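These come from Swiss-Prot:
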DOMAIN    6-59  domain 'ClpX-type ZB'
BINDING   C18, C21, C40, C43  Zn(2+) binding site
BINDING   P122, T123, G124, S125, G126, K127, T128, L129  ATP binding site
Amino acid sequence: MSEDRQGRSGDSNKILYCSFCGKSQHEVRKLIAGPSVFICDECVELCNDIIREELEEKAQSARSSLPKPREILEVLDQYVIGQLRAKRTLAVAVYNHYKRIESRSKNDDVELAKSNILLVGPTGSGKTLLAETLARLLNVPFTIADATTLTEAGYVGEDVENIIQKLLQKCDYDVEKAQQGIVYIDEIDKISRKSENPSITRDVSGEGVQQALLKLIEGTVASVPPQGGRKHPQQEFLQVDTKNILFICGGAFAGLDKVIQQRSNDAGGIGFGVKVKSSERKQEVGKILAEVEPEDLIKFGLIPEFVGRLPVVATLEELDEPALIKILTEPKNAITKQFKKLFDMEGVELEFRADALSAIAKKALKRKTGARGLRTIVESVLLDTMYELPSQENVSKVVVDESVIEHKSEPYLIYQAQPAPAKAASGD
């Protein structure tokens, strides 16, 4: 019966029917044949509508789940102390980036350009932590690459495509997830070219790497070896489109402040006023870096094309003593909170006195390691205590004061009061 109803495509006498809605070939405009089935143009249109609605729902869901700039800033504040201007710049840039991805799914006339980010700031000012916190908040794959290990293709070292392979590893080789991830390239200032003039000889770890990164950052389809890499050469390469991957580049850019000052002084002309202006401009490095222009980055050694691919520039200030003390105590994952938890697991309370926190901050400033050096200092002063404590009994509290930091004294151990032994009852 059903065979008579559907007919056969080779039998011109049989009337053909849509396998989905049951309409005959005479009731619809077009009937498309498949292996033993037929579908009419009306059912095709209905399927398109269903898919379109599902995609719209998906887009709306993504839009509602994307945190707004103010919400992004609130989360960054929980983990990163200070750097308000940089955090605001990042919050807006990231929000606009993921809105841009959403707009690409629609057929809009206006195509939004990609806005990768350059973070400029001293060592230990929070560049890497900002990028990590953003990725965690947005729940997207995140990887960190070291620019100093990269070389041009064909030379000893890592190819730039290795960055995308690391990103794929973070999301278990899910290409779709990786294509919306975040890549942080650290030490980007270390690949500046050696002189302002284009190099005659090959600069495989400087200008050459910048050239290799251009397409990757702007948006290209990168061919990446699948899981297992060279062990399975017969496998096809994975094609990863980088146009929706957000690239954040960071570096200390030591000496950039002098380039900025020189430009400002040159702009002031010549004469007696220049000397006065120069002395007035003895400011903090962070404030000088905030005035950075693309021409300063080019003079520093980044090629113009590379600077053009990083339109959003956020500068971070050098952390002072009060900021370092806050970093020690205030963030959700503050260093002192982490060590207090470790000691608490031994049933011991850990106390850092105010003078100890100040001494730790001063030592980090002296070493010029910023926030990154705080953990090293705390770890070193508590090492012996953490070694001995599990074997000791009745310790209730460990106190760290200034003398422990400055003079390498042992932390104070406070023991639980032992109950007095019970007196033997005297016989009558």
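Quick reminder: no glycine exception, Cβ is built from N, Cα and C everywhere.
Here the structure is a predicted model, which means the values were calculated and not measured.
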DSSP three-state assignment (helix, strand or coil) for C40 (Zn(2+) binding site): strand
Check: same-chain CB within 8 A of ATP site center, minus P122, T123, G124, S125, G126, K127, T128, L129: G121, G250, L316, G370, A371, R372
For C21 (Zn(2+) binding site), nearby residues of its own chain (Cβ under 8 Å, 6 or more apart in sequence): C40, E42, C43
Cα distance (Å, whole number) from C18 (Zn(2+) binding site) to L129 (ATP binding site): 59
Conformational class of G126 (ATP binding site) under the three-state DSSP mapping: coil
Any further residue of that chain within 8 Å (Cβ to the Cβ centroid of C18, C21, C40, C43) of the recorded Zn(2+) site: S19, F20, G22, K23, V28, L31, F38, I39, D41, E42, V44
Proximal but sequence-remote residues of the same chain as P122 (ATP binding site) (Cβ under 8 Å, at least 6 apart): A252, V285, G286, L316, E318, L319, K368, G370
Nonlocal neighbours by CB distance (under 8 Å) for K127 (ATP binding site), same chain, sequence gap 6 or more: L119, G121, D186, G250, L316
Distance [Cα-Cα, Å, rounded] between G126 (ATP binding site) and C18 (Zn(2+) binding site): 63
